[in-house]
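J.: Residues annotated as active site, for OMPdecase activity in TrEMBL: Asp60, Lys62, Asp65. What TrEMBL records for Lys62 is active site, proton donor. Annotation source TrEMBL lists substrate binding site at Asp11, Lys33, 60-69, Thr124, Arg185, Gln194, 214-215. The feature domain 'Orotidine 5'-phosphate decarboxylase' is assigned by TrEMBL to 5-230.
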Amino acid sequence: MADDRIITALDVHSLEDMKKLVETLGDSVSFYKVGMELFYSAGPDAVRYLKDQGKHVFLDLKVHDIPNTVGQSIRALTRLGADLMTLHGTGGRAMMEAAAEAVRDEAAKLNIERPRLLAVTVLTSIDEDAWKEIGGKYSIAESVKNLAKLAKEAGIDGTVSSPYEAKEIREMNGPDFLIVTPGIRPTFAVANDQKRFTTPSQALRDGASHLVIGRPITKAADPKEAAEKILAEIQGV
Ligand SMILES: O=C(O)c1cc(=O)[nH]c(=O)n1[C@@H]1O[C@H](COP(=O)(O)O)[C@@H](O)[C@H]1O
């Protein structure tokens with residue numbers, strides 16, 4: 001049976017491919033991520049289809065702009081009824097505050113459950129060399145911690161970070177803060193472009209509330225079997 005802590009990333013570029021995967025995975029997955037590839041190809045129908053199937057939806061569009069634009073965009077996205085949505089923490093305090101206010105206000109107007117907002121910190125494909133190259137002054141760990149603190153202060157519900165930073169964020173931001181970690185690789189999978197990654201059970205032990213897993217499931221020869229192996233690994237963690 002599915003586990004809401006596992007979010008499967010539907011990184012495909014058509015509604016048909018998405019539906020095929022969702023059918024294949026059946027009741028082994030209850031939470032899906034719609035990211036840029038699928039949303040830019042299929043639009044809001046992708047979210048609607050998943051909600052109609054009774055699935056939870058993480059709408060990962062990583063919004064990043066000036067506060068007014070972000071607030072209005074988050075307002076529009078709130079109407080789609082996703083459970084989780086992302087914005088970039090590096091957009092700063094005022095941008096995150098605008099988003100936090102917009103999502104609360106719009107959900108109250110529509111009388112719907114409020115989507116939870118997550119601030120993306122430092123992408124899991126970035127290592128220390130790549131971080132320095134783009135001007136990172138502090139270590140990745142310090143920078144992620146700083147963004148997680150700022151996000152909480154701005155009224156954001158959680159962060160997207162690598163599993164490496166989960167423990168410190170959990171200690172700092174408390175038990176209710178959402179810590180969503182991509183960069184998850186079961187022992188049977190290859191790393192691809194991920195640089196800061198660990199296994200599903202280790203990420204949960206370190207304090208992650210949800211794990212985002214894409215290719216280890218979706219590109220597996222048997223996606224349902226891969227999902228079930230992951231579910232077995234995290235049982236009891
Ligand atoms: O926001 C995300 O979901 C995200 C943030 C991050 O730092 N790293 C990261 O890999 N992701 C997403 O998580 C998913 C990981 O996919 P796989 O590497 O195939 O498991 C992709 O959809 C990425 O867009």
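Including glycine, each Cβ sits where the backbone N, Cα and C put it.
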J.: I'd like to know the mean pLDDT over the domain 'Orotidine 5'-phosphate decarboxylase' (5-230).
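T.: Here the predicted model's pLDDT, averaged over the domain 'Orotidine 5'-phosphate decarboxylase' (5-230), is 97.
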J.: In sequence order, which residues at least six apart in the same chain have a CB under 8 Å from the CB of Asp11 (substrate binding site)?
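T.: Looking at Cβ-Cβ distances below 8 Å from Asp11 (substrate binding site), excluding near sequence neighbours, one finds Gly35, Glu37, Leu38, Gly214, Arg215, Thr218.
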J.: Would you list, in sequence order, the active-site residues among Asp60, Lys62, Asp65 whose CA lies within 10 Å of the CA of Thr124 (substrate binding site)?
T.: none
J.: Report the recorded positions (Leu61, His64, Asp65, Pro67) that meet this criterion: Cβ distance to the nearest atom of ligand 1 under 6 Å. Use sequence order and write none if nothing qualifies.
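T.: Close enough to ligand 1 is none of the recorded positions.
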